[in-house]
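S.K.: Here you go, one structure.
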Amino acid sequence: MTRQFGLIGHPLGHSKSPVMHEAAYKDMGLDAVYCAYDISPQELGNAIRTMKAQGIDGFNVTIPHKVAIIDYLDEIDEDAEAMGAVNTVVCQDGRWVGKNTDADGYIESLLPVVSDQSLTGRRVLVIGAGGAARAVIHALGKQRATISVSNRTAEKAQELAQLFSHLTIEAIPLNEAESTLGTYDVLINTTSVGMYPDTSKQPIALDRLKQATIVSDLIYNPYETALLQEAKQRGNRILNGIGMFVNQGALSIEHWTGRKPNRKCMERVVRMHLT
């Protein structure tokens, strides 16, 4: 019997999840399909009830539903609870359990580009205050980094700092983030600013960026955002979102099937389908 997996979010026109997952299933010899469901916030409740009735085995969750989905689940695990965000839902004995593979997926991509593979005491600036930012901050906290979070809407950054008040974290205005950029070891963009098709935009000005800073962008389409292109021209080490995207997807598949997919196969397919 064909297993059914999928992705819910809005909008989903840019997503490479279906081609990545189906390539992984084929490589694994798994009889499964992965469908994208473009669901607006207003439709979320009805859509979840329909998916449950259809017997879907599991699904991923992306913008803007990572927080709102929690109200419709039977249970969430410890990591998802700490982040207040879910990106993976697993059907276990008829119960829907929320998990979050974004945090581990991101750190697995970041640590190899950090000089000594340690973030302890490193100063990290996170731009954005959505579900992806929650995952990144949770992951950085586990690594004992010193975190600043900044967002266009300052109140949202403050709310995030309060949520993670057990960590070494502060919320700062975006103009302060730009003026103090030279004090950070890692800069991470978790927003959708610069994502296809609006590829000319940047979430922060890099005028005060020091060359030793690692610049990371969770966006994977385009392969190099305007932010990463400028950082690269300045001589900085850069990290795009493909590693995190592949890693979180692979970890989701492990939760659903108990098997490890071929991540190199998944990455190859994503690269092939980028604009």
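Indices start at 1 and increase along the chain as displayed.
Placement of Cβ uses the backbone N, Cα and C atoms for every residue, glycine included.
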S.K.: Ser15, Lys16, Ser17, Thr62, Asn87, Asp102 show up in Swiss-Prot as binding shikimate; which entry in Tyr196, Tyr220 does that record put in the same site?
M.R.: Tyr220
S.K.: To which of Gly58, Gly98, Gly241 does Swiss-Prot also attribute binding of NADP(+) at the site defined by Glu78, Gly128, Ala129, Gly130, Gly131, Ala132, Asn151, Arg152, Thr153, Ala154, Glu155, Lys156, Leu218?
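M.R.: Swiss-Prot names Gly241 for this NADP(+) site.
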S.K.: Which has the fewest other Cβ atoms within 10 Å: Ser15, Ser17, Thr62, Asn151, Thr153, the binding-site residues listed?
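M.R.: Thr153, out of the binding-site residues Ser15, Ser17, Thr62, Asn151, Thr153, has the fewest neighbouring Cβ atoms within 10 Å.
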S.K.: Given the recorded positions Ser15, Lys66, Asn87, find the one whose Cα is closest in space to the Cα of Glu155 (NADP(+) binding site).
M.R.: Lys66
S.K.: Only counting partners 6 or more residues apart, tell me which same-chain residues put their Cβ under 8 Å from the Cβ of Lys16 (shikimate binding site).
M.R.: Tyr220, Asn221, Phe245, Val269, Val270, His273, Leu274
S.K.: Compile a sequence-ordered list of residues in the same chain as Asn87 (shikimate binding site), six or more apart from it, whose Cβ lies below 8 A from its Cβ; state 'none' when nothing qualifies.
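M.R.: Looking at Cβ-Cβ distances below 8 Å from Asn87 (shikimate binding site), excluding near sequence neighbours, one finds Asn60, Val61, Thr62, Lys66, Lys99, Asn100, Thr101, Asp102, Gly131, Ala135, Gln248, Ser252.
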S.K.: List the residues of the same chain that sit at least 6 positions away from Ala129 (NADP(+) binding site) in sequence and have their Cβ under 8 Å from its Cβ, in sequence order, or write 'none'.
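M.R.: In sequence order, Val149, Asn151, Thr153, Lys156, Ala157, Glu159, Leu160 meet the Cβ cut-off.
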S.K.: What Cα-Cα separation, expressed in whole Å, is found between Glu78 (NADP(+) binding site) and Ser17 (shikimate binding site)?
M.R.: 25
